[in-house]
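> One structure is given below, represented as structure tokens, and several questions about it will come after.
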Amino acid sequence: MNGTEGPYFYIPMVNTTGIVRSPYEYPQYYLVNPAAYAALGAYMFLLILVGFPVNFLTLYVTLEHKKLRTPLNYILLNLAVADLFMVLGGFTTTMYTSMHGYFVLGRLGCNVEGFFATLGGEIALWSLVVLAIERWVVVCKPISNFRFSEDHAIMGLAFTWVMASACAVPPLVGWSRYIPEGMQCSCGIDYYTRAEGFNNESFVIYMFVCHFLIPLVVVFFCYGRLLCAVKEAAAAQQESETTQRAEREVSRMVVIMVVAFLVCWCPYAGVAWYIFTHQGSEFGPLFMTFPAFFAKSSSIYNPMIYICMNKQFRHCMITTLCCGKNPFEEEEGASTTSKTEASSVSSSSVSPA
């Protein structure tokens, strides 16, 4: 084995010289230069500095403006709530431990950080699944006269939390575990060991199949069918141009969210699977650190995509920030009027960009 396994940790360095120490008790500066830990702490501070206000603003503006409280936007709000969980429960912990160079908060802190990171990522993934299914049902109409209502949105929200919890909770109760990874200042699922009594192998397979591959298959199926339906509708002119444009714009926004999720999380998933299937092989602490910390940037991109691509939300946000006035009233107002008209003819009653 090209690493050192201890009680609730695995460090990717053989302890031939006796230098390896528990990541819960000693700084891990023998793994990488101390400046790297300072850089990680600064990176996490930046994510908190941007992630908290932008997600809180998304939540506040949507609750403040009644016209934004549409069923589909409930799912988008769910993404903001999940991101806030990651920022407050995970990022603050990681920033603090990075500043100390080891997981100074101990096992409890590791469980908290690992849980919130996993929960937030899974809520985001399953929210994208619900959005993809909604787009498929509304645009492709496999169910005639279907309208995505508030009840459907609430069921979708409950579904995302149940599925995310089914992935994030088991390591807290003995099916696998959360341990420090990479530079030992952030925590994740134990892909590294076959520790007795934790059944890591079965959990990792369960997680990859049920909480990564199956959701992605559903998303790709829905958008594959959606692409065909949009082309057919455009060719046949079955619906008004306004309705088609509204549906296309909503679908485009959700597709970009899916692509951004894949860009952020696939490197982490790929490295984790490699480590799991090559347990005991040699790799450095940065091998997992880079994709793990890159994945954390997902807390920023969803609200940014929403703000950039949803003119109605952007108008409401500017109005809120400018004390009820929009200095870009002519431009944003025209866009909002156009989009409100498009929304009124959309069978999903959403607010597209």
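The count begins at 1 with the first shown residue.
Each Cβ is built from the backbone N, Cα and C atoms, and glycine gets one as well.
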> Report, based on Swiss-Prot, whether T97 and L286 occupy the same side of the membrane.
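Membrane side for T97 and L286, as annotated in Swiss-Prot: identical.
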> Can you sort out which of C167, C185, C187, C210 is the disulfide partner Swiss-Prot gives for C110?
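It is C187, per the disulfide annotation in Swiss-Prot.
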> Determine whether the transmembrane segment (153-173) and the transmembrane segment (37-61) share at least three Cβ pairs under 8 Å, counting only pairs 6 or more apart in sequence.
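With fewer than 3 qualifying Cβ pairs, these stretches do not touch.
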> Below 8 angstroms Cβ to Cβ, which residues of this chain, lying six or more residues outside the transmembrane segment (111-133), approach it?
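Tertiary neighbours of the transmembrane segment (111-133) are 72, 75-76, 78-79, 81-83, 85-86, 88-90, 93-94, 97, 105, 156, 159-161, 163-165, 167-169, 171-172, 178-179, 186-189, 211-212, 215, 218-219, 222-223, 254, 257-258, 261, 265, 295-296, 298-299, 302.
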> Going by DSSP, is N15 (N-linked glycosylation site) sitting in a helix, a strand, or coil?
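Once the DSSP labels are grouped into three classes, N15 (N-linked glycosylation site) ends up as coil.
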> Taking each of the glycosylation sites N15, N200 in turn and counting other Cβ atoms within 10 Å of its Cβ, which one has the fewest?
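Fewest other Cβ atoms within 10 Å, among the glycosylation sites N15, N200, is found for N15.
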> Does the transmembrane segment (37-61) reach the transmembrane segment (287-308) with at least 3 CB pairs under 8 A, where each pair is 6 or more residues apart?
yes
> Should N200 (N-linked glycosylation site) be counted as helix, strand, or coil on the basis of DSSP?
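For N200 (N-linked glycosylation site) - judged by DSSP and reduced to three states - the answer is helix.
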> Measuring CA to CA, name the entry from the recorded positions N2, N200, K296 that ends up nearest N15 (N-linked glycosylation site).
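Comparing Cα positions, the closest of these recorded positions turns out to be N2.
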